[in-house]
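Trainee: Here it is, the structure, as structure tokens.
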Amino acid sequence: MTLQKKIIELLGVKPAIIPEIEIKNCVDFLKKYLVNHVHIKSLIVGVSGGQDSTLTAKLCQMTAETLRKEKNDITYQFIALRLPYGIQYDEKDCQDAIRFIQPDQIFNVNIKKAVLSSEKSLKKSGVIISDYVRGNEKARERMKVQYSVAAMKQGLVVGTGHAAENITGFFTKYGDSGTDINPIAKLNKRQIRLLLKNLNCPKHLYLKKPMADLEDEHPQQDDESVLGVTYDVIDSYLEQKKIDIRSQKIIEALYLNTLHKRNLPITQ
């Protein structure tokens, strides 16, 4: 078995999807978990205004609405968290995403003071962190806030990770990857866009250039320039299509070099 086939099998990506069916599958997946865990009453997503969080949040809102109707239980809620670091440069996109999602509840927590406080404490101890490390601090602080809200709201922290991120390791260990459940894990980027389009998401949101925007020294830097390969090519690889050798080598090197991010902690 080639490495490509092994990765596809492991990540569970389908070569083609029917958006309506995938939307139903994602909602049913979330519903089933909540029904089987009666103490959980809310779904929590950090909404950035990007494709991944917009889709995940919309699916969660649909799940909460469906459960309220089917179970006649108004305690099922979706909570959207706004977690900017200082001023968010694409604030309009985030507001547009919120209007599209229509969350039951919204909490706004600016993480900048917490991140800088942590950095200051490290500096006092003699540890000077780089801009890159500070970026990871932001991702982990956001996840910390989500779990705090989840703990107080009988909630489940829902991940926004997908197969195109997973294969490249383009996420922060114990940051955006540290979630309870992940409904879109088997989708690639173009499939995420298809689902958003099917749900009548504003076009500028599902066509938006993906960016993590974690580093202060590289604001608004898009994912593809960091990865060295486009999501379109990554998606084709995940759909078992033939791609150019250079891109294949980049993708497979990224996968192999980030195995530790996808594995459980090492034990004896």
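Quick reminder: no glycine exception, Cβ is built from N, Cα and C everywhere.
Computed from a predicted structure; not experimentally measured.
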Trainee: Swiss-Prot records G46, V47, S48, G49, G50, Q51, D52, S53, K189 as ATP-binding residues. Which of T2, T160, T230, T258 is assigned to the same site?
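Mentor: The one candidate that Swiss-Prot places in that ATP site: T160.
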Trainee: Which of these binding-site residues has the least crowded Cβ, counting other Cβ atoms within 10 Å: R140, K173, H260, K261?
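Mentor: If we count Cβ atoms within 10 Å for the binding-site residues R140, K173, H260, K261, the smallest count is at H260.
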Trainee: For the ATP site as recorded (G46, V47, S48, G49, G50, Q51, D52, S53, T160, K189), determine the largest distance between any two Cα atoms, in Å, rounded to the nearest integer.
Mentor: 19
Trainee: Among the binding-site residues listed here (R140, E165, K173, D180, K261), which has the Cα closest to the Cα of G50 (ATP binding site)?
Mentor: E165
Trainee: Far apart in sequence but close in space: which same-chain residues, 6 or more away, have a Cβ under 8 Å from D180 (deamido-NAD(+) binding site)?
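Mentor: Listed in sequence order, they are A150, L156, V157, V158, G159.
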Trainee: May I ask for the distance between K173 (deamido-NAD(+) binding site) and S48 (ATP binding site), taken between their Cα atoms and rounded to an integer number of Å?
Mentor: 19
Trainee: According to DSSP, folded down to helix, strand and coil, what is D52 (ATP binding site)?
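Mentor: Its secondary structure by DSSP: helix.
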